[in-house]
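Below is one structure, written out as structure tokens; comments come after it.
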Amino acid sequence: MCSDMLVAGGSVTLMSRCPTAGCLRLIQSRARISPPHVTTGKLVQNGMEKKAVICIEGNIASGKTTCLKYFEKTSNVKVLTEPISKWRNVRGHNPLALMYQDPERWGITLQTYVQLTMLDTHLSAMTAPIRMIERSIFSAKYIFVENLFRSGKMPEVDYAVLSEWFDWITTNISIPVDLIVYLQTSPQTCHERLKQRCREEEKVIPLEYLESVHQLYEDWLIKRNSSPLPAPVLVIPADHDPQKMLQQFEENREKILAASYR
Ligand code: TTP
Ligand code: MG
């Protein structure tokens, strides 16, 4: 079992890869199905070159896009922001808006599409030594699908089908992640930011929804008592104003980019 000591925002967090994640990797290394472009997402290319995948995670409006935009200017880093425009428009339909209007009916529709688009992002060709992604296929399942199901807004059969899909994908396709950067916020901060940015679909989101998402993130990335961790976690406190956040990103630059030397 390998351990990592990660320090962020003045606090020290002892992080370790959990044994379950180790199992997950073992299963992945026995991949039976490898679409031609899957190899492009691998950690080691041409036998020598080390590539790193960093996922930026956190509640809705925690500042993930801001973080990615900050690192976009760094050489050797390719940033992939979330395909939210696709979730708002698939062949003229808006599954994100539909899900917020009627989660019982449309939750599976949105989450099936989120899973597909996230998989597409993970498997796209690596064009730089370091890749930074907004979220991951893992949080789509462990946070959002889980939240819909546990809150009684997703029928059990929909949850079962989505889980079968997710298990098949993670068992048969290698999805390497080297570091998770967790932008840790209070649900109240996210609620304030949501109200300010006023994304049409999200006007209906109550504070309780953000509290549930927050709890699932804490269970997954801090308490580690729910779903397997695909990588070590670096926690960055993210309740601060934009100026202070940029400062925090700069202070953590080395630790984040060090994912490529591990
Ligand atoms: P976020 O992934 O949180 O993206 P964001 O741009 O709002 O975050 P940030 O400000 O930190 O950059 O969510 C985008 C929207 O998609 C949000 O309304 C939540 C929703 N969503 C789901 O409903 N299901 C999912 O699986 C995911 C990943 C997002
Ligand atoms: Mg964003």
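Residue 1 is the first one shown; counting continues down the chain.
Each residue, glycine too, has its Cβ placed from N, Cα and C.
All annotation found in TrEMBL is predicted automatically rather than curated by experts.
The domain 'Deoxynucleoside kinase' annotation in TrEMBL covers 54-258.
The Cβ of Thr66 (ATP binding site) has 16 other Cβ atoms within 10 Å, all protein chains considered. The feature ATP binding site is assigned by TrEMBL to Gly58, Asn59, Ile60, Ala61, Ser62, Gly63, Lys64, Thr65, Thr66, Arg193, Leu194, Lys195, Gln196, Arg197.
Within 10 Å of the C-beta atom of Glu134 (active site, proton acceptor) sit 21 other C-beta atoms, taking all shown protein chains into account. Positions annotated as active site, proton acceptor by TrEMBL: Glu134.
The Cβ of Gly58 (ATP binding site) has Lys64, Tyr182, Leu183, Gln184, Thr185, Tyr217, Ala238 as same-chain neighbours under 8 Å, each 6 or more residues away in sequence.
In the three-state DSSP scheme, Glu134 (active site, proton acceptor) is classed as strand.
Binding of ATP is attributed in the record to Gly58, Asn59, Ile60, Ala61, Ser62, Gly63, Lys64, Thr65, Thr66, Arg193, Leu194, Lys195, Gln196, Arg197, and the widest Cα separation among these residues amounts to 18 Å. Residues Lys64, taken from the binding-site residues Ile60, Ser62, Lys64, Thr66, Leu194, are distinguished by a CB atom under 6 angstroms from ligand 2.
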